[in-house]
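A.B. asks: Quick paste of what TrEMBL says about this protein:
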- 223-253: repeat 'PPR' (REPEAT)
- 257-291: repeat 'PPR' (REPEAT)
- 292-326: repeat 'PPR' (REPEAT)
- 327-361: repeat 'PPR' (REPEAT)
- 362-396: repeat 'PPR' (REPEAT)
- 397-431: repeat 'PPR' (REPEAT)
- 432-466: repeat 'PPR' (REPEAT)
- 502-536: repeat 'PPR' (REPEAT)
- 572-606: repeat 'PPR' (REPEAT)
- 677-711: repeat 'PPR' (REPEAT)
- 748-782: repeat 'PPR' (REPEAT)
- 818-852: repeat 'PPR' (REPEAT)
Amino acid sequence: MSSSSLAHSLYRRRIVEYKAAAYCSRLPFRARPPSRPRIGAGANTTSAHGIDSSIITIQTMKRWETLNHMAYKFGRLDKSDGKLALKILSSIVERPGLDRITYIYCMAVPILIQAQMHSQAMSVLRHLALAGFSCSVIFSSLLRTISHFDSTNRAVFDLLVKAYVKERKVLDAVLAVFFMDECGFKASAVACNTILNALVEEGESKHAWLFLRESLARKFPLDVTTCNILLNSLCSKGEFRKAEDMIQKMKSFRLANSVSYNTILHWYVKKGRFKGALCVLEDMERNNTQADVYTYNIMIDKLCKIKRSARAFLLLKRMKEDNLTPDECTYNTLINGFFGEGKINHAQYVFNHMLRQTLAPSVATYTTMIDGYCRNGRTDKALSVLSEMQITGVTPSELTYSALLNGYCKFSMLKPALDLVKDLGSRGITINKTMYTILIDGLCQVGAISKAKQILRTMLEDGVDPDVITYSALINGMCRMARLHETKEILSRMQKSGILPNDVLYTTLICYYCKAGYVKEALKHFVDMYRRGLVANAVTHNALLCAFYREEMITEAEQFRQYMSRMNISFDSVSFNCIINSYCHRDNIVEAFSVYDDMVRYGHYPNVRTYQNLLRGLCRGGHLVQAKRFMSCLLDIPSPIDEKTFNALLLGICKYGTLDEALDLCEKMVKNNFLPDIRTYTILLSGFCTKGKNFPALIVLQMMLEKGIVPDTVAYTCLLNGFINEGQGKAAAYVFQEIICKEGLYADCIAYNSLMKGYLKGGKLNTMKKVMSDMHKNAVYPNTASYNILMHGYVKKGQISRSLYLYKDMVRKRLRPNNVTYRLLILGLSKCGMIDIAVKFLEKMALEGIFPDKFAFDILNSFQ
């Protein structure tokens, strides 16, 4: 090597070393390369290993000399040379300390490129990019290795730029390109375009334009691809005016090509600017840039995706004018577009048009037709297309059968779906994972969980491995059928087979557990989700928040609400309604309206449920005047209320106001075009009965019948309670026996309990026992209140042994005794002089988490 060449090489390296600091000072702090590590710093070498280490080092350096000799070999190398270089590199870097010497790695890169092993060379550079070496260090080392063979220098640096971009270190790639320029190497258009494209994809448009400006100043060889990248960046941000200016400049330099026009066409159609798209087509014609089939296919595809298939079809005529023949992709896109809009006849017309153009439909075309008919519920037509397909000699694919199967399952046609799978199996056609998943999902949609589990077993027996989507379909079906306990078995089996739940499956489980009231189980899945590195979305968080409030876990709800606020997770309308409802139930109406204000401020429109909750809260707190005023305000707002809103206020008036006010509200309801429903009449009926106005209640009942509204069990139970409260036992018995039972209405537990209360007042213990017996006969299961009423009767008669038997029966039937139960037992035992046992029951209350009230202690004190 000549002295001048050596001096030039040293000069280049010095430029890199001295200018690296200058470039790093211009970059943001986070983008600055780390300081070069000191190799061997802190190494604790001992004399005991000195001789062995020296021998190994000599052998290692011998291998390095072989690699060094290959680096200076001119001409093309074989792949065997490249493999040898990799082997030598591997043995060298195994030595401690040598793995940090960049020059050894960089020497292998040009050898691999010469041996046409570009992917391996890329792997070496990517390793260096990730190892923490600064760009200046890597560049200096590469510069030393290519000083002798100029034919590969451009490829080496292009590969370095690509390596940095692959590892998302775009600023390092920019630095490498500028180092090249300082050292006398001009960056290629490919390298510059790679960097520009990466900056645009990462949303760094500002940096992209700065890089372009610097590239122009340094006279880098940019081309039409550069302009197209920037054109796409402008269009993606909706800056069409700038994009149009740019394409005009490109035209003046004769740079605009079909890719440029296709780029702007794509964004025009995507943003719904159809006139602009047509202007671009005309502009292409004026500039002798021929619009090809691909150009038209872009427009047709985008128009079909935004439900403008008819407009897309008109482009066929324009294609004919431009002497372009639509291809199969054109027709398939149009057919799919019309089916997506439910225009079956139009889709069939396009298919026939395709046949007239002597363009033979492929399996993709027939599959599109079958899928379109199935999505629109026309499986008979889909079968006709399948038959035609087989007649013409086109073999259906797995996608074809999957489309037909999906059509059957979507419209709950499970017998044909199962028959199709059986038929395919008998003909030796493989049932793939997608088909099994569609069938399992279809069975779950109609609640056939057992059959779905059977299909899963068949799937495993056939050697087809289910994926997370398959398991999700089954678990979702189980959740919908309230079979949450069975999901644990499926989850366990799923995880044992190495398939982990995804965020969608976790969201499904959490939402359904919250809906069923199993908040602790939902929280377990929520925690497990984050442990696996998944992120819960706003739906999941809101489901948990609502569950906390519904289950009256107020402390946990408030803590979780604060957590959501800290994490900037937005509340949805359902969550706001739950929070408002919770405050209203706790008579904190001021805080409820404060949350209502937040709801409006965050852009959520209050719905009927919101106003119902607020009205109930006002009524519960006895704020009837404010509730009426609030209702008057709501009547002035278009469509914020319905019958349920009126019913919410009516319930409050009947409970805390006067009956005249209740009737006035019913009249106002009719004036505002809201007809009273069964709930309205039942509330009014209950109001009259509660205030002892049984005769007006009967008139309300008669009005219901005249309006064609059939009273239900709830309405008659209100009337039943009215008669019982007034001591009219015979009338109550008549309502129960002659109306509720004989009219075919279902007498629920509440109706039976009301009747038993009436008999309790009259001291008719035997009749009460008969009513309890009738409940069992009619498959109406007594609740805790039923047992308490009968127990009260036994206690009044001094029959403590029967009371204790009832208590044992409750426990055996897993009914939880409450405060009233224990109070009655303590009273009965105290009356019979069994104070010690009564005290033990008091202790049992405390152990079961039931806090004794004042009455329980008063009973014990009165008998001591």
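Just so it is clear, glycine is given a Cβ too, placed from its N, Cα and C backbone atoms.
So where do these features actually land, and what's packed around them?
C.D. replies: For the repeat 'PPR' (223-253), the list of distant contacts is 189, 192-193, 196-197, 200, 205, 208-209, 212, 259-261, 263-264, 266-268, 271, 273, 276, 287: same-chain residues at least six beyond its ends, Cβ to Cβ under 8 Å.
Using DSSP to sort the residues of the repeat 'PPR' (257-291) gives these counts of helix, strand and coil: 26 helix, 0 strand, 9 coil.
Sequence-distant neighbours of the repeat 'PPR' (292-326) (same chain, 6+ residues past either end, Cβ-Cβ under 8 Å): 258, 261-262, 265-266, 269-270, 272, 274, 277, 281, 284-285, 333-334, 336-338, 340-341, 343, 346, 350, 353, 357, 359.
Taking Cβ pairs closer than 8 Å, the repeat 'PPR' (327-361) reaches residues 293, 296-297, 300-301, 303-305, 307, 309-310, 312-313, 316, 319, 368-369, 371-373, 375-376, 378, 381, 392, 394 in its own chain, all 6 or more past its ends.
Long-range contacts of the repeat 'PPR' (362-396) within its own chain (CB-CB distance under 8 A, at least 6 residues past either end) are made by residues 328, 331-332, 335-336, 338-340, 342, 344, 347, 351, 354, 403-404, 406-408, 410-411, 413, 416.
With a threshold of 8 Å between CB atoms, the same-chain residues lying at least 6 positions outside the repeat 'PPR' (397-431) that come near it are 363, 366-367, 370-371, 373-375, 377, 379, 382-383, 386, 389, 438-439, 441-443, 445-446, 448, 462, 464.
Residue counts for the repeat 'PPR' (432-466) under DSSP (helix as H, G, I; strand as E, B; rest coil) come to 26 helix, 0 strand, 9 coil.
Remote same-chain partners of the repeat 'PPR' (502-536), defined as residues 6 or more beyond its termini with a Cβ less than 8 Å from a stretch Cβ, comprise 468, 471-472, 475-476, 479-480, 482, 484, 487, 543-544, 546-548, 550-551, 553, 556.
For the repeat 'PPR' (572-606), the predicted model reports an average pLDDT of 91.
Residues 643-644, 646-647, 650-651, 653-655, 659, 662-663, 666, 669, 718-719, 721-723, 725-726, 728, 731 of the same chain, all 6+ positions outside the repeat 'PPR' (677-711), place their C-beta atoms under 8 angstroms from a C-beta of that stretch.
Long-range contacts of the repeat 'PPR' (748-782) within its own chain (CB-CB distance under 8 A, at least 6 residues past either end) are made by residues 713-714, 716-717, 720-721, 723-724, 727, 729, 732-733, 736, 740, 789-790, 792-794, 796-797, 815.
Note on the repeat 'PPR' (818-852): residues 784, 787-788, 791-792, 794-795, 798, 800, 803-804, 807, 810, 859-860, 862-864 of its chain, located 6 or more positions outside it, place their CB under 8 angstroms from a CB of the stretch.
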A.B. asks: In the same chain, which residue numbers or ranges, 6 or more beyond the ends of the repeat 'PPR' (257-291), come under 8 angstroms Cβ to Cβ?
C.D. replies: 224-225, 227-228, 231-232, 235-236, 238, 240, 243-244, 247, 250-251, 298-299, 302-303, 306, 308, 311, 318, 322, 324
A.B. asks: Going by DSSP assignments with H, G and I as helix and E and B as strand, what are the residue counts for the repeat 'PPR' (677-711)?
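C.D. replies: Each residue of the repeat 'PPR' (677-711) counted once, the result is 26 helix, 0 strand, 9 coil.
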A.B. asks: So, by DSSP, how many helix, strand and coil residues make up the repeat 'PPR' (292-326)?
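C.D. replies: So the counts come to 26 helix, 0 strand, 9 coil.
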A.B. asks: For the repeat 'PPR' (223-253), what does DSSP give as the number of helix, strand and coil residues?
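C.D. replies: In the repeat 'PPR' (223-253), the DSSP-based counts are 26 helix, 0 strand, 5 coil.
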A.B. asks: Count the residues of the repeat 'PPR' (502-536) that DSSP assigns to helix (H, G, I), to strand (E, B) and to coil, and report the three numbers in that order.
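C.D. replies: Final tally across the stretch: 27 helix, 0 strand, 8 coil.
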